[in-house]
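Undergrad: Here it is: the structure, laid out below.
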Amino acid sequence: MSFKSGFVAILGRPNVGKSTFLNHVMGQKIAIMSDKAQTTRNKIMGIYTTDKEQIVFIDTPGIHKPKTALGDFMVESAYSTLREVDTVLFMVPADEKRGKGDDMIMERLKNAKIPVILVINKIDKVHPDQLLEQIDDFRSQMDFKEVVPISALQGNNVPTLISLLTDNLEEGFQYFPEDQITDHPERFLVSEMIREKVLHLTQQEIPHSVAVVIESMKRDQVTDKVHIRATIMVERDSQKGIIIGKQGSMLKKIGQMARRDIELMLGDKVYLETWVKVKKNWRDKKLDLADFGYNQKEY
């Protein structure tokens with residue numbers, strides 16, 4: 001039996017469910033999720049492998065109109081995948097009408113000269129008639145290879161989408177070992193899990209201004225716990241105060257919630273230490289962006 005493989009980008013506006021879809025396909029969390037826009041900042045690879053195929057998904061930052069150097073990085077990071085993949089999944093939400101952001105993305109996709117599958121997510125939130133209207137509207141704007149309605153949260157139609165991708169893959173090599181599920185090191189995943197808890201627990205002004213740096217991560221020979229030292233970076237003193245909370249209560253809660261997820265991922269007991277530091281306007285400083293891990297990565 002021949003083996004098939006290929007690279008697939010997941011593109012769309014912020015908060016359409018790209019990371020939820022990837023996590024569902026992989027059967028575990030490799031991309032953090034939040035109801036805050038622009039949660040995903042880096043391209044994240046999810047490697048789906050069976051005995052018949054290997055689909056390398058690339059989850060991308062939500063495409064938006066950037067206002068900072070970080071925003072520029074995120075949008076360019078998303079569009080750069082068009083040079084690297086065999087197929088694009090263009091994801092839109094079933095419960096929102098087509099907007100200017102969708103039109104902007106489609107203009108780029110029309111020039112990409114690679115197959116584009118329209119994935120309409122969140123079908124569990126709409127009536128079938130509304131879904132049909134959405135399909136007709138998008139089809140009137142662009143010639144898609146296929147249109148697949150799904151619910152990434154509930155898993156509806158996700159197997160159908162995987163089968164469709166497999167049918168369209170070329171015969172090829174297995175690029176990664178069958179037990180590898182992502183290209184990112186554990187340090188990156190740990191930092192993202194901490195950032196996810198900050199997004200979940202803090203106010204609206206905080207999310208875009210937060211970065212997490214893992215200062216050290218090593219096993220303690222005495223306790224056999226993985227000892228992690230992490231710094232949460234913000235842009236203003238007021239944000240630092242919010243994250244620390246009254247008598248350190250918010251920072252403690254962030255640490256407790258993050259530690260549980262990190263222990264599940266690593267399969268080890270974890271001792272997590274967190275600090276908060278202010279780095280003014282880091283989102284507009286290229287050196288700071290690079291220091292915090294926001295640099296272009298080609299696949």
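Note that the numbers count up from 1, one per residue, in the order the chain is shown.
Placement of Cβ uses the backbone N, Cα and C atoms for every residue, glycine included.
Okay, so Swiss-Prot annotates it like this:
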| type | residues | note |
| --- | --- | --- |
| BINDING | 12-19, 59-63, 121-124 | GTP binding site |
| DOMAIN | 4-171 | domain 'Era-type G' |
| DOMAIN | 202-280 | domain 'KH type-2' |
| REGION | 12-19 | region 'G1' |
| REGION | 38-42 | region 'G2' |
| REGION | 59-62 | region 'G3' |
| REGION | 121-124 | region 'G4' |
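I'd like to know what surrounds each of these features in this structure.
TA: When DSSP labels each residue, the region 'G1' (12-19) comes out as 2 helix, 0 strand, 6 coil, counted as helix, strand and coil in that order.
For the region 'G4' (121-124), the number of residues in each DSSP class (helix H, G, I; strand E, B; coil) is 2 helix, 1 strand, 1 coil.
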Undergrad: How do the residues of the domain 'KH type-2' (202-280) split into helix, strand and coil according to DSSP?
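TA: Counting residues per DSSP class in the domain 'KH type-2' (202-280), I get 32 helix, 27 strand, 20 coil.
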Undergrad: So if I exclude everything within five residues of the ends of the region 'G4' (121-124), which remaining residues of that chain have a CB under 8 angstroms from its CBs? That is, six or more out.
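TA: The answer is 16-17, 20-21, 91-95, 131, 149-154, 156-157.
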Undergrad: Can you check which residue among the binding-site residues Gly12, Lys18, Thr60, Ile123 has the largest number of Cβ atoms within 10 Å of its own?
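TA: Buried the deepest by this measure is Lys18.
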